[in-house]
Amino acid sequence: MRTDSLVALAAGVLASSQLAACHSLESTSDAGLQKRAGAGGSCGPAAGGAVCDTGLCCSEGGVCGTGGEYCTAPGCLLAYGPACDGNKAPSGADTSSMPRPKFGSVPYGVDVTSCTVPGKLGLTFDDGPYIYTTALLDLLKKSNARATFFVVGNNAGKGAINDPNSGYTPILQRMIAEGHQVGSHTWSHENLNTLSTELRRKQIIYNEIAIAGAIGVVPTYFRPPYTECNSACYAELGALGYKVINYDVDPKDWEDGGVKAEGIFTEAINSGRQSEYMVLAHDVQAFTVETFAAFMIQKAQAAGFEIVPAGECLGEPENQWYRDPKTGEARSARGASPEPEPEPTPSKSATSTTTSTSSKKIITPTPVPTFKVTELPRNSTTSSTTKSSSSTTFTTTTSSTTTATTGSQVTPTGAADLTRPAAWLGLAGLAAGLVLA
């Protein structure tokens, strides 16, 4: 082999390694020297804070890709995956500049765990609406019981709650019509203590936009996911006009199929310790809707409790559970109209189209595959990179296609990833060297 051929071959190999490195996790962006990762690359804290390229999600396991396996909330790592479901703003009028006067007797920005009206049991359900929620509403109506639903705007791949294609807006509207309360449980069920100030605020504002788009009002009642909220979180919720509602009875209906739930609830009701209770449950749990909710209702009513929303067991009238999305003043949700989406700015080159809304298709949420999200025990502590081992299972939609590889399909360290332009350029140099050889 001639010397010049060997030089060309070496140059090709060098180009391959250098160009691949430019696209690897060690590459940086021009702004802030931020590490970037392409499809199939590692992302998140374990990868030195590498952020996925635009259009990609960072899965809970720290791999960049697209589709439900990577993008579904709350597993997708918001700070490292630009395309995570939780990073996508809902359609609707922005509420970030809405006035937020304080009204009512319940304090703002502090932890409220107990009801104050004797004989009332505040029944609350987190994480929905979901495919089981309609059946739960049927049960509550039949049982003459009412509840608070702390809703999540876009979790488990269900789509935004104010999206006509998700089928959830009519469910929220039914909640209001039947005397239930709608509170906020964030946009995508993230642990607020692990988020930056910007991401935490988006979790709150995005859910306001979605809820107002569905029922025409913004709730003043809020429950942090996993009940995780540090001092900065409480301060921000107070500034945004939220009453932070937690609970004093957690039956753990989300843990191990709810095997302890009936015992925990029965002990609380029979103990005689209190004349009022605030109870946590989850309408994303099939066990809760099919069995446990009826058990709680029967047990509580037999003990003489009236089952009501959190706002009622705290002594506040219904109009103080919500605010007008424009004025910020107290407003009843009954009779409120969903907030219309802002009119799009017409483009000079755009073609005018007309969409008929006279006959809207009614969409019913349908069962989908299983997905796990973590539920933390009350007053637990977590780091930004570790979640509790206990988890609650519900179902979620997933995309039929993905662009990243997973498991054994991930390109081994040192192997060429032919999905990356840098690798092709390097191989071109290598080929040139071989030709000369």
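Cβ coordinates come from backbone N, Cα and C, glycine included.
Features reported for this protein in TrEMBL:
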type	residues	note
SIGNAL	1-22	signal peptide
DOMAIN	40-86	domain 'Chitin-binding type-1'
DISULFID	Cys43-Cys58	disulfide bond
DISULFID	Cys52-Cys64	disulfide bond
DISULFID	Cys57-Cys71	disulfide bond
DOMAIN	119-308	domain 'NodB homology'
REGION	316-414	region 'Disordered'
COMPBIAS	321-332	compositional bias 'Basic and acidic residues'
COMPBIAS	346-365	compositional bias 'Low complexity'
COMPBIAS	380-413	compositional bias 'Low complexity'
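Nonlocal intrachain contacts for the compositional bias 'Basic and acidic residues' (321-332), taken as residues 6+ away from its ends with a CB within less than 8 angstroms of a stretch CB, comprise 93, 95, 98-101, 103-104, 181, 183, 208, 212, 216-221, 241, 309, 311, 339. Annotated pair Cys58 (disulfide bond) and Cys64 (disulfide bond), C-alpha to C-alpha distance, rounded: 5 Å. The Cβ of Cys58 (disulfide bond) has 30 neighbouring Cβ atoms from other residues within 10 Å, across all protein chains displayed. Cys64 (disulfide bond) carries a strand DSSP state (E or B).
The average pLDDT the prediction assigns to the domain 'Chitin-binding type-1' (40-86) is 97. DSSP assigns Cys71 (disulfide bond) to a helix in the three-state reduction.
Its Cβ taken as reference, Cys64 (disulfide bond) is surrounded by 31 other Cβ atoms within 10 Å in the chains shown. All protein chains considered, the CB of Cys52 (disulfide bond) has 32 other CB atoms within 10 Å. Taking all protein chains in view, 25 other C-beta atoms sit within 10 angstroms of the C-beta of Cys71 (disulfide bond). Taking only the Cα positions, the spacing between Cys57 (disulfide bond) and Cys64 (disulfide bond) is 5 angstrom. Between the CA atoms of Cys64 (disulfide bond) and Cys43 (disulfide bond) there is a gap of 6 Å, rounded to the nearest whole number.
Between the CA atoms of Cys43 (disulfide bond) and Cys52 (disulfide bond) there is a gap of 6 Å. Separating the Cα atoms of Cys71 (disulfide bond) and Cys52 (disulfide bond) is a whole-number distance of 12 Å.
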